[in-house]
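Step one of this worksheet: look at the structure below.
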Amino acid sequence: MKVDVLLGLQWGDEGKGKVVDVLTPKYDVVARFQGGPNAGHTLEFEGQKYVLRSIPSGIFQGDKVNIIGNGVVLDPALFKAEAEALEASGHNLKERLHISKKAHLILPTHRILDAAYEAAKGDAKVGTTGKGIGPTYTDKVSRNGVRVGDILHNFEQKYAAAKARHEQILKGLNYEYDLTELEKAWFEGIEYLKQFQLVDSEHEINGLLDNGKSILCEGAQGTMLDIDFGSYPFVTSSNTVCAGACTGLGVAPNKIGDVYGIFKAYCTRVGSGPFPTELFDKTGDQICTLGHEFGSVTGRKRRCGWVDLVALKYSIMVNGVTKLIMMKSDVLDTFETIKACVAYKMNGEEIDYFPYDITDEVEPIYVELPGWQTDMTKMQSEDEFPEEFNAYLSFLEEQLGVQIKIVSVGPDREQTIIRYTEE
């Protein structure tokens, strides 16, 4: 057996949570492989809206095993709040959610450090979510981190050492803070965490594969936020690309099967950094309003723009995407024309690739297509798609070289249309 991977191809917020929930019935296991509570996966069904930050999106399927892998960073306080909210709505987590002992813990001082570093950067700030993600991964790489497995023995000593080291750094930054409430909630989260199955996830996952179980690996954020391949330094602190599933779960490269790449019919970005197709006019505001484009974790208004095919082709390349999934098609239902960026103009030269030194000065070169101006939210099969929408899909597939297997026409799990069903 091989694992399949589901990941975002843009700057995050593509709708991965909903798609995982839609795909989950065909899998036995859903495993999260990177990131932390800085990204929220939003799911809507049966009139309820859920935002998952650390827990895999397969948790809503009652018979599925869900695994938080070693590549994830976990805040015990936020995890406790998220898990208790799910349990209160009738979902049994403790039997079905397994957590890697090798996952690193976000400490209260990591969150303080995150805020202090951003404050020190002034106008050059990256625009982090303030959840302590960067400082936690920094400690991991510098071999100073505290892991989930550490809570089982000699924990107080390791925590005290990490806290003292962080306080020395904060002293140098001259940043005022109060840990009292953060620490109280954090240690309550630690006790709650002990109630779950803490596992050697790499052994568990490979054992499940050997026993013929099907596994879906769930990524967070998006390819353009990858620490190596994103628009550095305006990126996250982990590998959001397909290779991150190997290092974040302990899966060998030859065990990767299908790679599902998710993108919106337009583009959004939260925080600072280059965004070639960003719109600063009423069209951008209209997309934001119709798409409800506000961060599920921070509540920040997302920057909006037309779909960027240059960036998408780059993401498809570095991930080895085999199947595409287009989200939020319905947001563009009322537009008379739709634009798609097919190249950039940079330093007076036209280029069709995503460059190392991309800046805000990059000018998008667009192709304009007719809009479909049809309400697609109640459509149940591709046979109902308007001619203009089919033309848009064909144009995208020709440009990107990969079939668009799934189209989302609304936020609910039922508003999902599978294409190429003859396969």
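Backbone N, Cα and C define each Cβ position, glycine as well.
On a predicted model such as this, the values are computed, not experimentally measured, just so you know.
What Swiss-Prot records for 12-18, 40-42, Arg302, 328-330, 408-410 is GTP binding site, and it gives sequence analysis as the kind of evidence.
Other Cβ atoms within 10 Å of the Cβ of Asp13 (Mg(2+) binding site), summed over all protein chains shown, number 27. According to its DSSP assignment, Asp13 (Mg(2+) binding site) is coil. The Mg(2+) binding site annotation in Swiss-Prot covers Asp13, Gly40 and rests on sequence analysis.
Counting every protein chain shown, the number of other Cβ atoms lying within 10 Å of the Cβ of Thr129 (IMP binding site) is 21. Annotation comment: Swiss-Prot describes Asp13, Glu14, Gly15, Lys16, Asn38, Ala39, Gly40, His41, Thr129, Arg143, Gln221, Thr236, Arg300 as IMP binding site.
What Swiss-Prot lists as active site, proton acceptor is Asp13, and the listing cites sequence analysis.
Taken from Swiss-Prot, the feature active site, proton donor applies to His41.
As annotated by Swiss-Prot, substrate binding site applies to Ser296, Val297, Thr298, Gly299, Arg300, Lys301, Arg302. Within 10 Å of the C-beta atom of Lys301 (substrate binding site) sit 13 other C-beta atoms, taking all shown protein chains into account. Secondary structure at Lys301 (substrate binding site), as computed by DSSP, is strand.
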Cβ neighbour count within 10 Å of Asn38 (IMP binding site):
29
Determine the most Cβ-crowded residue among the binding-site residues Gln221, Ser329, using a 10 Å radius around each Cβ and all protein chains in the structure.
Gln221
Please name which of the binding-site residues listed here, Lys18, Thr129, Val409, is nearest in space to Arg302 (substrate binding site), Cα against Cα.
Thr129
Specify the count of other C-beta atoms within 10 Å of the C-beta of Arg300 (IMP binding site).
13
